[in-house]
Amino acid sequence: MSLTDILSPSDIAAALRDCQAPDSFSPKKFFQISGMSKKSSSQLKEIFRILDNDQSGFIEEDELKYFLQRFECGARVLTTSETKTFLAAADHDGDGKIGAEGIDYFNYK
């Protein structure tokens, strides 16, 4: 399964266009534009699984900086500031990674 099986390619493209400039990425806005904020819990779990590049059950900071590239291979890398802000928003237990419990933070409804 790929992200385009869950999200519209045109919505993904619009979300990526919105955050092309460094330090312009907002998780909440990205999730709204891409359509992630409208997905069910099971769909969000599948998106999480796809984004978990090493299939460890967690999205670590090193994986998170390549978040946009998981949607489109030519997309930019998140800046250090964007990565840390994103991680802080979804890492509710403070272990430095986003686990299954962080899925709710991906839902920004």
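Any Cβ shown, glycine's included, is placed from N, Cα and C.
According to TrEMBL:
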DOMAIN    39-74  domain 'EF-hand'
BINDING   Asp52, Asp54, Ser56, Phe58, Glu63  Ca(2+) 1 binding site
BINDING   Asp91, Asp93, Asp95, Lys97  Ca(2+) 2 binding site
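Positions of TrEMBL features highlighted on the structure.
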{"residue": "Asp52", "record": "Ca(2+) 1 binding site", "CB count, 10 Å": "19"}
{"residue": "Asp54", "record": "Ca(2+) 1 binding site", "CB count, 10 Å": "10"}
{"residue": "Ser56", "record": "Ca(2+) 1 binding site", "CB count, 10 Å": "11"}
{"residue": "Phe58", "record": "Ca(2+) 1 binding site", "CB count, 10 Å": "17"}
{"residue": "Glu63", "record": "Ca(2+) 1 binding site", "CB count, 10 Å": "18"}
{"residue": "Asp91", "record": "Ca(2+) 2 binding site", "CB count, 10 Å": "21"}
{"residue": "Asp93", "record": "Ca(2+) 2 binding site", "CB count, 10 Å": "10"}
{"residue": "Asp95", "record": "Ca(2+) 2 binding site", "CB count, 10 Å": "10"}
{"residue": "Lys97", "record": "Ca(2+) 2 binding site", "CB count, 10 Å": "20"}
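The average pLDDT the prediction assigns to the domain 'EF-hand' (39-74) is 92. Phe58 (Ca(2+) 1 binding site) sits 6 Å from Lys97 (Ca(2+) 2 binding site), taking the CA atoms of both as reference points. Distance between Cα atoms for Asp93 (Ca(2+) 2 binding site) and Ser56 (Ca(2+) 1 binding site): 17 Å, as a whole number. Asp95 (Ca(2+) 2 binding site) sits 18 Å from Asp54 (Ca(2+) 1 binding site), taking the Cα positions as reference.
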